[in-house]
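First up is the structure itself, then whatever we jot down about it.
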Amino acid sequence: MKQFISAHDVKDINAIVEKALLYKADPFKDKTIGVNKRIGCLFLNPSMRTRLSTQIAAQNLGMEAIVFNVGSEGWSLEFEEGAIMNGSTVEHVKDAAPIMGNYFDILAIRTFPTLKSREEDYSEQYIQQFIKYAGIPIVSLESATLHPLQSLTDVITIKETFRETRRPKIVLTWAPHVKPLPQCVANSFAQWINAWGEAEFVITHPNGYELAEQFTNGANIVHDQNEALKEADYIYVKNWSAYQDYGQVLSTDPSWMLTNDKLKLTNNAKVMHCLPVRRNVELSDEILDGPNSIITREASNRVWAAQAVLNEILRSN
Amino acid sequence: MKQFISAHDVKDINAIVEKALLYKADPFKDKTIGVNKRIGCLFLNPSMRTRLSTQIAAQNLGMEAIVFNVGSEGWSLEFEEGAIMNGSTVEHVKDAAPIMGNYFDILAIRTFPTLKSREEDYSEQYIQQFIKYAGIPIVSLESATLHPLQSLTDVITIKETFRETRRPKIVLTWAPHVKPLPQCVANSFAQWINAWGEAEFVITHPNGYELAEQFTNGANIVHDQNEALKEADYIYVKNWSAYQDYGQVLSTDPSWMLTNDKLKLTNNAKVMHCLPVRRNVELSDEILDGPNSIITREASNRVWAAQAVLNEILRSN
Amino acid sequence: MKQFISAHDVKDINAIVEKALLYKADPFKDKTIGVNKRIGCLFLNPSMRTRLSTQIAAQNLGMEAIVFNVGSEGWSLEFEEGAIMNGSTVEHVKDAAPIMGNYFDILAIRTFPTLKSREEDYSEQYIQQFIKYAGIPIVSLESATLHPLQSLTDVITIKETFRETRRPKIVLTWAPHVKPLPQCVANSFAQWINAWGEAEFVITHPNGYELAEQFTNGANIVHDQNEALKEADYIYVKNWSAYQDYGQVLSTDPSWMLTNDKLKLTNNAKVMHCLPVRRNVELSDEILDGPNSIITREASNRVWAAQAVLNEILRSN
């Protein structure tokens, strides 16, 4: 694997899921593969699970992980081609990235969308410029429109917990939130479930919250949440801001919060969320503290997803 | 040892002191005990010595240490049961802690008191919720009311430097400061010296600065500093804000600053402080730069205290 | 080597350059020399290349590197002798430094000048007090007036790329910038090129931007940039604020920006810059993206400079 930016970078999703589950069973089985290799983890935005799980995954493979908080530990980067840099940005990605490429063997980057310009965010200019200029494999720790390490984890968690031979019904449902959030996790989940192709996949959200078709194509989109949840095996709960009316909060309708009453409509569905979750806004306490939540397992699987990805990249170089 | 939150978690104080001094003599003697083990160090508040010494102690045992600055690198945690999270907190400890418990073998946490609600601070709800939800051993890097790694270090330093067979006289004295500080270090020192039980222990402070009796019981409390200092072998200097009139600064009386004149009252006492110290406010330059100060030794011993504690926890798991 | 603060700490510049180039050819050849040794990297100011390259260099030698962001992760230090610390500084360097000296084998420090008091900045009181009180070897990661790891890197890069037997002509040219910057990099480059002694060395800048003679003595100072650039083999581009009219921006004259037109005056000169660079303010895009720029190579060499310095210090202890 040359990079890990989206589902399209993975040839065989089932194979990488299998690899991740082998690491879960035996975390240190490839402990020397990364010796004398180094991953740089650049955070342009906050991170907890992604930050920690990536460091742990690298260490499990014998790699050194070096974390750098762009902005607080260093300075603001410029991404505009031809910019006359007399403002607040201090260094151009064209100058910074090639040096990272010489310092590290793999470069992992987190960068959020602005939620102001859809065109700019969906061009993925930040991570694309790192890819263009760094000259080494780039791993997305969440970019403007996608969060592939999360989505790989989600597929791992579904495959790990689904014990039947039939295809599971998976429902991605929008949930209320107090702030405008990126579409990344929802986009990425849709992209991966579609690419995986082994589920019945339904997306439900209020009118106006349609996601970009490049990611949802293949899913069944239903605007009645109750209808969508029927017979679901997995419910993936997530807020996102509008894609059409870009970055806007169009609804905070509390009836979209997932509760035990709604669970009754499902096939005793397992409930997933990428975290952090706003309790009693997106999901009720009763669900998060109840038997259907597999959220801790899901977040814990982040380590094995990252470890499988880093292994694939190390083996290709 | 299953956790390290207070003196009550230690069965035999003299034994753990002995273990720490063995590490001081030979830091790398247990260098493989922590291989493939990982400690997460979560800082909800600033830290210098605790941060550095804990990382060093872990490394000396062959463990990986991963540091995470909650807030600046991640986001604010919610600790309220049943909270409707539509405000500024982004993630509930109930969701975050179990994941930390899966990522790490030991979780070390620093969290300061609010100094606003005594009931809340003294319930130790922050660290108690990590204990409740993380499912792995928790080490306090200073909590709302106690600082056990500091106090273990203090006992180590006293045992290391006291050469006589009699019981030392140890005086904990309040000192002026410009800001309201937690009671943690004073509470904790009192708790440990009482639990250790091998000293004559006196506490001195202005009226109104009485500490919680659950920690001071067993100590002789004297309000005349000069009287208290007589024949002291060790003086532990520390500011704290009021416990009764909770979190208030009742006095900044400079006559409570420790000076060489006051040292003359003592048995050539050694002077201790947990640092950071406000020079010429809590303690005069002449003492800090003079022969009676053992403050550098004390702070340096932080490594061996942490290493002994981590070893005890690793051995119990 | 007992410390690395300026060119004067190096006995034989060519020998240490040679050592660095050997590390570039074989980064892990001394991988066990630093085992059980630890370097503390204290950042009082932001840093990217210096931060990353120093960690990498230490790891390449088998050392543990621990990074500490003074201020954001800890608290503000006091440097004034005899200060009554009732203000915003929380800990005196006299108390903090000796503990660092016990925690670490080498202490590396970044501290910027105030650009307010020339006397204070040029006394280098911050780093000098760490030297005085830490009791272990100190490595400058850029101090108030010098940046020796950068300058060593610069000499490495010149020696690595100059293929002729004659002495190269090296021109240090001032460039415009939007903010007042330290004189460190320019001072240090001048000091090292003069100490190295194997080049024809010219400095060019607008009137009023004269650097301190203690560093420039030996260089030819020319105020006409075009005149200075004639037949240059290397151009080192850097902004600095005024030394005489201390810390002031006296000119932002865009005609001092280096462009391809100016390159035509030179002997097809290679262009250097310490980074971060303000594109199209200090240097035009055409140069930075063109064949004469050796800036990526230069920044990448930072690792080998740091590794050679750490090796010299480890061997002396």
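Backbone N, Cα and C atoms are what each Cβ position is placed from, and that goes for glycine too.
Since the structure is predicted, the reported quantities are computational estimates derived from the model, not experimental observations.
Here TrEMBL has C:GLU142, C:HIS177, C:LYS238 binding N(2)-succinyl-L-ornithine, and the candidate from C:ARG278, C:ARG279, C:ARG297 in that same listed site is C:ARG278. Those binding-site residues from the list C:TRP75, C:HIS147, C:CYS274, C:ARG278 that have a Cβ under 8 Å from chain A Cβ atoms: C:ARG278. Chain B has a C-beta under 8 angstroms from the C-beta of C:TRP75, taken from the binding-site residues C:ARG49, C:TRP75, C:LEU149, C:HIS177. Broken down by DSSP into helix, strand and coil, the domain 'Aspartate/ornithine carbamoyltransferase Asp/Orn-binding' (C:186-310) contains 46 helix, 22 strand, 57 coil. Separation of the C-alpha atoms of C:ARG49 (carbamoyl phosphate binding site) and C:ARG278 (N(2)-succinyl-L-ornithine binding site): 16 Å, rounded to the nearest whole number. Spatially close to C:SER47 (carbamoyl phosphate binding site) yet at least six residues away along the chain are C:ARG110, C:LEU141, C:GLU142, judged by Cβ distances under 8 angstroms. Its own atom aside, the Cβ of C:TRP75 (carbamoyl phosphate binding site) has 17 Cβ atoms within 10 angstroms in the protein chains shown. Candidate binding-site residues: C:TRP75, C:HIS147, C:LEU149, C:CYS274, C:ARG302. Nearest to C:HIS177 (N(2)-succinyl-L-ornithine binding site) by Cα distance: C:CYS274. Reduced to three states, the DSSP call for C:ARG49 (carbamoyl phosphate binding site) is helix.
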